[in-house]
Amino acid sequence: MDAVRALLGPKHVLISGIMQYSMLWGIIIGFTITAAISAATMKRSTCFHEKGPSAKCGVSGISYMLAFGALEILLSQFPNLEKVTFLSVIATLTSLAYALIALCLSIPKFSIQHEAKGTIMVAMAGEGLATSTKIWRVFQALGNIAFSYTYSMLLLEIQDTLKSPPAENKAMKRVTLYAIGGTALFYTSLGCMGYAAFGADAPGNYLTGFYKPLWLVDIANLAVIIHLTVGYQVFAQTIFAINEKWLATRWQAPGSFFNKIYTVRFQCIQNYSFQLTPSRILLRTGFVVLTTLVAMLFPFFNAILGLLGSISFWPLTVYFPLNMYMVQAKIKRGNSKWIMFQVLSLLCLVVSLVSAVGSVADILEHLKHAQLFHIDL
């Protein structure tokens, strides 16, 4: 928001702020649901392994959501984004782990079939599906692909935690190149191999499509849960920071109960101390409780998250960054670079619009079968 204010002026700040923080909150609601699904999948896989594939193994994900929320209340007491660096490292390693395992599980499944289930001909994909449903799914897939590479809502917040030398922007450019390159390698490999193995029947939560070997599938699901547990804080800390900054301007009295600092010392960990304030405990606990409640009420929220991603993709990832760059680089209207950026922006706007249409269709489909406080595996 500060960068938008500095380069584009105050009139753009409100829109960028609403979209950024709505997206961040939507993501952590999605994290809550996905973590519960992964935990419930582990429980169901164990049931099938013990009782056989034809056994009735109904599992509720609500209890896992509550447990996940309780854990996030504890982790949310870390002071700021800089203090959760080690959590970000854990999230990266576990992300690599479950992506590699999913890729390894897909290869033998595909090799057993001797032919690819998926096809690049959209009209022929998914037997028994109406053509309109196929089109909506293509639109939704475009949004999923675009949204999966988006981290613009956190990029500057992460860059702000870096120390120089080297210059923060140069370090961030290098990190971005490695991150996008690695992400593209994993996502493309897994996406193509998964589609070849499952075709149009590929499950939304990919690991739910595997039951053997049980120990490897469980490790992958556990890696997903750990990844989401610690990744939750990387997104949530930015929301905590903006809200606490706003509250600090409202209650500035240093001696007030809400701003009083309490120090908790852990003698067993090299005299490690931890500082807490009532305002932080109450605000962050309330936020995690509200997030968990929304996840329980709307267990199909991942469909809603697709819509949020579609709506925010073009402004946050394309429009604001491109216009900020053009102002900073003093690129004049009508210049060849300006024209190239406008064409790119228009193409991305089309992707945003069609994926939003696909997401709305998906939400309407979920509403037909959705039940409150119930997760379908």
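Note: Cβ is positioned from N, Cα and C throughout, glycine not excepted.
In TrEMBL, annotation is done automatically, which means it is predicted and not curated.
Listed in TrEMBL:
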type	residues	note
DOMAIN	1-362	domain 'Amino acid transporter transmembrane'
TRANSMEM	20-40	transmembrane segment
TRANSMEM	61-78	transmembrane segment
TRANSMEM	84-107	transmembrane segment
TRANSMEM	175-199	transmembrane segment
TRANSMEM	219-242	transmembrane segment
TRANSMEM	281-301	transmembrane segment
TRANSMEM	307-326	transmembrane segment
TRANSMEM	338-361	transmembrane segment
Given a Cβ distance threshold of under 8 angstroms, which distant residues of the chain, six or more beyond its ends, lie next to the transmembrane segment (219-242)?
21, 24-25, 27-28, 31-32, 34-35, 38-39, 41-42, 45, 68, 71-72, 75-76, 78, 80-81, 84, 87-88, 90-91, 94-95, 97-98, 101-102, 105, 153-154, 157, 207, 280, 283-284, 287-288
Are the transmembrane segment (84-107) and the transmembrane segment (20-40) close enough that 3 or more Cβ pairs fall under 8 Å, when only pairs 6 or more apart in sequence count?
no
